[in-house]
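Over in TrEMBL, the protein carries these features:
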type	residues	note
BINDING	His40, His118, His122	divalent metal cation binding site
Amino acid sequence: MKTFFEELFAYGFHCNQQLASIFDRESATIDTKSATLFSHILNAHQIWNNRILGRPMGCTVWETRPETEFAEIDRNNYEVTLTVLDTIDLGNEIAYKTSGGQPFTNSVHDLLFHIVNHSTYHRGQLALLFRQNGIEPLVTDYIFYKR
């Protein structure tokens, strides 16, 4: 299962780095809604990594990050996730609180899969927003990445 997650997170990192490049290249064309949504993807990944590691959240889930920092934030998230995969048993149960303060417990593998699924979902929303703003969206289908 570790190898599978490594592949999924490599795919997510690849897509997010390409998106960060689009934000750099198209900064005059991209709307604030898109920047907020991509920030949300990055923030959620960081928050889940920190929950798994028992650290403070580090940011809020809807905090808008500077577009110039997108690639660096994503790289850090990816590297931290690889460390999680190398050092923490995927079956471990993690107790955490939601942003609203509700306590829950889930396995590391469920939390990691949530990060992947959440990011993919919102990258689809970004594709729509890009299209609405006249920007050619990325093809982020997993199978295209694997070809």
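Placement of Cβ uses the backbone N, Cα and C atoms for every residue, glycine included.
Positions of TrEMBL features highlighted on the structure.
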residue: His40; record: divalent metal cation binding site; Cβ neighbours (10 Å): 20
residue: His118; record: divalent metal cation binding site; Cβ neighbours (10 Å): 16
residue: His122; record: divalent metal cation binding site; Cβ neighbours (10 Å): 15
Given the divalent metal cation site His40, His118, His122, its other Cβ neighbours within 8 Å of the Cβ centroid, in chain order, are Leu37, Ile41, Ala44, Ser119, Tyr121, Gln125
